[in-house]
Amino acid sequence: MGWAARFLTAVSFLAAGVLFAPDALLGGSGRSGAGVAAARLAHVLCFATAWGAALWVTFIGGIVMFKYLPRHQFGSLQGKMFPAYFMLISVCSAISVAAFAYLHPWKTASTIERYQLGFLISALGFDLSNLLVFTPMTTEMMMRRHKIEKDLGIGSEVGFSKNAEVAKTSPTLAAMNKKFGMIHGLSSLANIMAFGSLAMHSWYLASKLQI
């Protein structure tokens, strides 16, 4: 994932450059109609991709997989899927920030536009925290917990968990559950906050539509 991390870093710096110094980065204050149209297209497509992916993974895909896959298989799949998921929505959020900042420079933006830029930056920040911090920690904790559970003969159940029952007689598993629950909870909170920030921006975009 080294190349992807470098790409994301470059896109994030581009977004920061557009946000704080649009004239210097984009070659003056004059903007062509084609440039504005391209920025609008990039913003809408990347926002829609990030919001749609978050909606599917958070409220549909994850729940369905949990109900129909053995628990350890589900966890292993999530461990592979979430880095790609957070990479996708982080890149999309960064491009959305850059495009929106280009379309609405901070110096001339209205209060509402500045709030919307804040929502987009918040979504990017939460996504990056998951990609770079919480997801690697959660995956590591999960694999360690899987090993403990395998030794205790659990983890192959589908749609429910024997973990809580077994943890009552296993201090090691109980301690691991506590650590995993804390990190997983922070990851879930960051994901929900990012989704909520994008949802707030969706209301703004809807108000601009003329159907």
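Using the three backbone atoms N, Cα and C, a Cβ is placed for every residue, glycine included.
According to TrEMBL, the domain 'TMEM205-like' annotation covers 45-146. Secondary structure of the domain 'TMEM205-like' (45-146) per DSSP, as helix, strand and coil residue counts: 93 helix, 1 strand, 8 coil.
TrEMBL lists 1-20 with the feature signal peptide.
What TrEMBL lists as transmembrane segment is 48-70 (among others). Long-range contacts of the transmembrane segment (48-70) within its own chain (CB-CB distance under 8 A, at least 6 residues past either end) are made by residues 77-78, 81, 85, 88-89, 92-93, 96, 123, 127, 155-159, 191-192, 194-195, 198-199, 202.
Residues or ranges marked as transmembrane segment in TrEMBL: 82-103 (among others).
Annotated transmembrane segment per TrEMBL: 115-135 (among others), in sequence order. Counting only same-chain residues 6+ beyond the ends of the transmembrane segment (115-135), those with a CB under 8 A from a CB of the stretch are 8, 12, 15, 19, 47, 50, 82-83, 86-87, 89-90, 93-94, 96-97, 100-101, 104, 106, 109, 183, 186-187, 190-191, 193-195, 197-198, 200-201, 204.
Residues or ranges marked as transmembrane segment in TrEMBL: 186-206 (among others).
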Do you know the mean pLDDT across the domain 'TMEM205-like' (45-146)?
95
